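These come from TrEMBL:
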type: BINDING; residues: P32, N33, G34, S35, G36, K37, S38, N39; note: ATP binding site
type: COILED; residues: 252-415; note: coiled coil
type: COILED; residues: 678-936; note: coiled coil
type: DOMAIN; residues: 521-637; note: domain 'SMC hinge'
Amino acid sequence: MYLKRIEIQGFKSFANKIVFDFHNGITGIVGPNGSGKSNVSDAVRWVLGEQSAKQLRGGNMQDVIFAGTELRKPLGFAYVAITLDNSDHKLDIDFNEVTVSRRLFRSGESEYLINGSACRLKDISELFFDTGIGKDGYSIIGQGQVDKILNGRPEDRRELFDEAAGITKFKRRKGLALKRLESERESLIRVNDILVELEKQVGPLEKQAKIAKEFLNLREELKIFDVNSYIMEYEGISQNLNEYKKREKLLFDDLEDAKKLLENSKKDYEDISAELKRLDEELDGVKNLRGNKGIELQEITSHIEILKERINSENRNNENLLSRGEDIDSDIEKKQKDLKSLNEEKESLQSLLKKADEKETAILAELESVDKKIENLLKRLDNLRLSSEEFNSKNADLRAKRERYKGVLEQVRLRKSQMTQRLLESKTGQNTIELKIDEENKNLIHVKESLSKIDFAGKELESNNERVQNEIIRFSKVVSELQMKYQSESAKLTSLKDLAEKYDGYGIAIKKVMETRDRIGGIHGVVADIVRTSKKYETAIETALGGRIQNVVIDSENTAKVLIDYLKKNRFGRATFLPLSAMKNSTFSNTDFLKEKGVVGTASELVEYDNVYKNLVGSLLGRIVVIDNIDNAVAFEKKFRYEYRVVTLDGDSLSPGGSISGGAFKNTTNLLSKKREIEEAQTSISAILKNYNEANDKLEEFKSKRNDIEAEIEDNRKLSQDLIIEKNNISNRIAGLVEKLNELKNSSASVQTDFENIDKELAEIENETKRLDTNLLDAGEDFDKIGKDMEDLERFIKEQRNSREVIVEKLNALKLEKANTSQRLEFVDENLNRTGAEMKALFNEKSGLKIRAEDIVKNINEKNQIIEKEYISKQKLAKEIDELRQREEKLASVKETRSKSQSKIFENRDVYSERVSLLDRDIYRLKGQIEKLEERISERTNYMWNEYELTYNSSLELRTDVGMSLNDIRANIAALKSKIKALGSVNINAVSDYNEISGRYELMKKQHADILEAEANLIKIIDELDIAMKKQFAVKFDEIAKEFNEVFKELFGGGSGKLILEESGDMLEAGITVISQPPGKKLQNMMQLSGGEKALTAIALLFAIQNLKPSPFALLDEIEAALDDSNVDRFAKYLHKLTDRTQFIVITHRRGTMVSADRLYGITMQEKGVSALVSVNLIENELDN
């Protein structure tokens, strides 16, 4: 098996799709630093399942997706695939070629594939078990893995050795077995808890079952008496109901007559009201029209005044125009005088300019003569400068020679100074090293003290960890208890909802009607479903509703007919229906009674309901008063002569006419409370869930603390290890400083000998310097004569230049005078033009004034004509207003007459209304009596259904001749109920529950035995795995240690390498220490080696593992970077030895490794930020540069 191909697209710097094809032997991947070479090894590690972004040199996993450059947009995904030749079927998969790929999208979605089929990361890991291939195997080795071998903890090296020893898959199986064992033990705890709970239930249930059997016998006897009692009462009540209903019909007829009279009086009242409304509207119209006419009259009067004011304004404007005309004539005369004065000034300035031009010509001629003199003098000066430069050249040679000797002299003096400094530095260095030795000794003491403190801190952390673990156990128990409470409350809520859905506590007829809710439209529910109230008002509202609480609310009378037919057809009994279309809101017109003592409010105000049921609730509860207690209720009824129906918060009822009902209710009849109990159960569950979440958060918090403490313990251990290493390093540094001190002392003696030879050399150089100074003095006298002549010429040139500056100043002054004169001339021209334009404007304005005067006269004549027309309109409007006032007075008289007629009709209407109210009250009282009888029938019918699921018709079939009166039957019923009551709380389901619980108890005992057996089997499997792993690891570890020593000797050219398994209670968890002894050195720990020695030691270990258990391929990422050239050659040579059994892909920038490769791939960034494959020649050029 070998690696055939790597395909990369969108991974890190590989924006474009790149394919690497590989063959047996060594393939090198080369390129300059930063070109993306190491991204190839990251890609292979990633596709094999690496989950740590840090291991891939990123902050998060999305960092592996190409992030874009200045010229390219970011990509949306990263894709890597590796293809292996599996013709030898080393991989347990039925393919000759296996392609493993991974794709990650920027959204976070990820997928793994094997030969194009989706799979899990687990499948890929298991595919490569014990092959050396994998993200943690030894087939991919980079600087990180080398550092882990070099600098990691001994136990961190375990993964490498476990993979090499072939026990990784056994460890995974052991891990899975341990998880299963933990799961089985948790199950055992749960089963034990269930067994304890069931044992508590079995004994009591057996006793309850005996009581339940006795209860059922008594209940069957009670049923016979209840049936006979029910039929006798039903027949008696039915007879009374028929009589009440006949009387009710007579009252309804009287009520209809009274209502007709009331309606007629209302109609007459409304007719007159409409007529009065019409009269009011007509009267308002006349008033509005008269008001509008008055406003119009005021507007005309105002308009006339405005026109008069405008005529006066026009006359004033005309006078202003005449005044302005006179001013314009005066301004024109003044402007003509200004024009004459400006023309005279212009002629004077033009004469001055002409004279200035003549002076400028003469000054320019004088300036030209001075410039020619200066030019001749400058030529003579240049000739003298040439002579001076020749002397300078000769002097420069002498000076240069003198400077060279001076430089040599300075160098010799500097050497002398340096030697003096070296002697001083040597002495200072010796003192410094002695101080450093003292300082390092102090550091060594400090490190030892720190080690002692860390050991103490470690013990404190262990103590804290134990305390946190106890908290975890405590909160785990709390969480478990809350889970049980949640399950209990959830079961209770489910039971309540189930009872509500089945309409438990309602009569058979109601239940059957509600079952048709989905089939027959228009059913809203029973009254108990419609209204809601708080707990303290439940008893009062149920009393107020009575049997009507079970009435069915429907949309219309048609739905009622359908449902009544359904009940009759199936003989399900009777039910009362409340059609919303027929319901009328009934409330009190006078609510002063609400202020009486103890009055809580009307019943309809104490319930909540949807607005669609407003009329229904008003009809049922709108005229019922709720009072706090029976005493206040009696006082209230006496005061108002028993006119109102009253209920108390305790459930007492006072009816119009004086009857009082009271006593105790059965809990089962409280239909309104069921909805509240469901809400309370839901609230309780929410509270339990909240407590559970809080406890669970605390549990997670303590688990997090435990993890933090364990991390601190680990950090403390690492710090301790670092301090031990630091202690060894300090000792090594002290030894190095002592050696350096001896070297400085030897160097001081050698410098002292050189110091004496330098003094002789200094004397010779000083004599030669004095001779050169004499020659320079002679050459200087000739040079001074030329210098004097040059100074005389320069002085004369300066005088001529001063004369020239005077002439230039005269010329500039003249030019300034000319510029001022020209500017004044321009100013005069501008004034001439401006004055001419102003005169033209004055003439134009004078013409305009004449035209405006004519327009004003015309406007005044037009406004006088309009005023005459407005006076005519004003007289006409005054006449119309007078006529409207007379019409208004006539309408007011008619309105007063009709208002008196309306008052008479209103008095008659009150009489009819009082009659209707009295009949309503009588009907209401009669209805109350009918409802009580119906309620009694309903209560008895519901009782029979709830207790025995019997209707009236089915009860007739069970009727027997007991030969007793109704009172005797009731006495027997009371006696039987006393016997049943004496039994106490009876669990009807105890018999079935006992059978169920005892069966479940036996089943749990069997499960308990099965779990114990499974636990024993898992422990046996784990022990067998431990034995097999220890045996295999011991053998393989010895083989790796021997092979490591052999490879070490070959790579180092001698010496020895050892692997030591640390002392531990468990061989499989023990750390591994690497000991290295390069040739000519003592045996020492890896941490004491140089960088190159460390790297070569790690490479020797990796090669030893490859020798014993070769992986199909190995990808090495710059692992030889720290080696010198000779060791790189040894590395490359040994690499070739391993190619018989392993294919190598080497990422490198070392020439020794490149030369040994069978083929090379080059990677560079021809485009900034994007890695690309290029020819190897191009890469070599870049590396050279």
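Backbone N, Cα and C atoms are what each Cβ position is placed from, and that goes for glycine too.
Taken residue by residue with DSSP, S38 (ATP binding site) is part of a helix. Within the same chain, residues at least six positions away from N33 (ATP binding site) with a Cβ under 8 Å of its Cβ are H1149.
Neighbour counts were taken at the CB atom with a 10 A radius for the binding-site residues P32, G34, G36; the maximum falls on G36. The candidate set comprises the binding-site residues S35, S38. Of these, S35 has the most other Cβ atoms within 10 Å. In terms of DSSP secondary structure, the domain 'SMC hinge' (521-637) contains 64 helix, 20 strand, 33 coil.
DSSP classifies N33 (ATP binding site) as coil under the three-state reduction. Mean pLDDT across the coiled coil (252-415) comes to 76 in this model. Other Cβ atoms within 10 Å of the Cβ of K37 (ATP binding site), summed over all protein chains shown, number 23.
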